[in-house]
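What Swiss-Prot says about this protein:
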- 6-26: transmembrane segment (TRANSMEM)
- N45: N-linked glycosylation site (CARBOHYD)
- 47-67: transmembrane segment (TRANSMEM)
- N74: N-linked glycosylation site (CARBOHYD)
- V89, D136, N163, Y228, K232: NADP(+) binding site (BINDING)
- N127: N-linked glycosylation site (CARBOHYD)
- N176: N-linked glycosylation site (CARBOHYD)
- S216: active site, proton donor (ACT_SITE)
- Y228: active site, proton acceptor (ACT_SITE)
- K232: active site, lowers pKa of active site Tyr (ACT_SITE)
Amino acid sequence: MWKIESFLLSKLFLCIALCTAYVAFSSAMMEPGLWLLSRPIVPLNRTSTVFGLTIVAIGLSALSSWLSKLTLNNFTSDDSWDWSQEIVVVTGASSGIGAEIVRLLAELSIKTFILDPVPPDNSVLKNGSVHYYKVDITKPKEVSAAAREIQVKFSSPTVLINNAGVGLAKNLLDENETERRHLMNVNLLSQFTTVQEFLPAMIEKNHGHIVTMASSASYISSPQIVSYAASKAALVGFHEGLGIELVKRYNAKKIRTTLVFAPLL
């Protein structure tokens with residue numbers, strides 16, 4: 001019979017199970033396990049014991065994932081999504097990641113609106129489901145005018161993808177105020193503007209999705225991107241606060257919020 005002599009292995013399995021239990025439940029559930037950890041090390045000499053502990057760890061991990069999914073969806077479901085009726089707004093979508101998002105939506109014939117000061121490639125607009133509005137999202141009046149026109153001519157958007165962003169590759173002491181304010185206006189403050197314009201209609205219907213494009217720089221900065229990293233880190237707080245307000249202040253549990261950490265951006 002398979003025999004494990006390592007005295008430390010028993011502690012390893014128990015630690016894995018405890019960590020998973022902490023995520024799935026709470027620290028209170030860990031007290032019995034913590035007591036076991038304080039006991040003298042006992043060797044695992046039986047295959048059944050090792051197998052049992054492995055199954056427990058896997059089970060707790062699966063339970064944790066299931067509970068996390070429920071939490072992210074506010075413990076509710078929404079079967080009303082019909083992509084032939086949904087309307088998506090994407091900011092900064094004339095190039096880069098935004099353009100790719102629009103391309104994928106166009107392939108699915110999902111009605112999509114680009115808000116960008118720079119026009120997209122003409123080939124994109126040949127798709128009847130894609131529309132373009134020349135909008136500087138740092139100017140609230142332009143955003144508001146575009147939002148009203150979309151709502152009047154079509155309907156209220158149900159998905160908002162705040163994709164627009166700019167970079168600034170300079171040492172902090174070499175930046176000037178104009179550059180820094182422009183970066184903050186595009187990367188951070190514009191998202192307050194677009195959400196204030198498009199979210200009320202979503203709340204009214206308790207149906208919608210807000211996507212925030214953050215970055216790996218939200219957590220890991222480096223030289224010459226201090227301002228950029230700060231703007232992206234602020235989006236984490238924006239996303240988390242928005243999600244809480246939707247549930248606690250507006251009772252709009254079916255409106256989803258997604259935070260995207262784009263690598264190398």
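Just so you know, glycine gets a Cβ as well, placed from its N, Cα and C.
Predicted, not measured: the structure shown is a model, and the values here were computed from it.
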Out of N74, N127, N163, N176, S216, give me whichever of these recorded positions has the highest number of other Cβ atoms within 10 Å. N163
How many Å separate the Cα atoms of N74 (N-linked glycosylation site) and V89 (NADP(+) binding site)? 24
Surrounding CB atoms that lie within 10 Å of the CB of Y228 (NADP(+) binding site), all protein chains: 24
Measuring CA to CA, name the entry from the recorded positions N127, N176, S216 that ends up nearest Y228 (NADP(+) binding site). S216
Tell me which residues of the chain lie with their Cβ under 8 angstroms from that of D136 (NADP(+) binding site), as long as they are six or more apart in sequence? P117, E142
Given that the record lists V89, D136, N163, Y228, K232 as binding NADP(+), what is the largest C-alpha to C-alpha distance among them, in Å? 24
Rounding to whole Å, the Cα atoms of N127 (N-linked glycosylation site) and V89 (NADP(+) binding site) are apart by 16
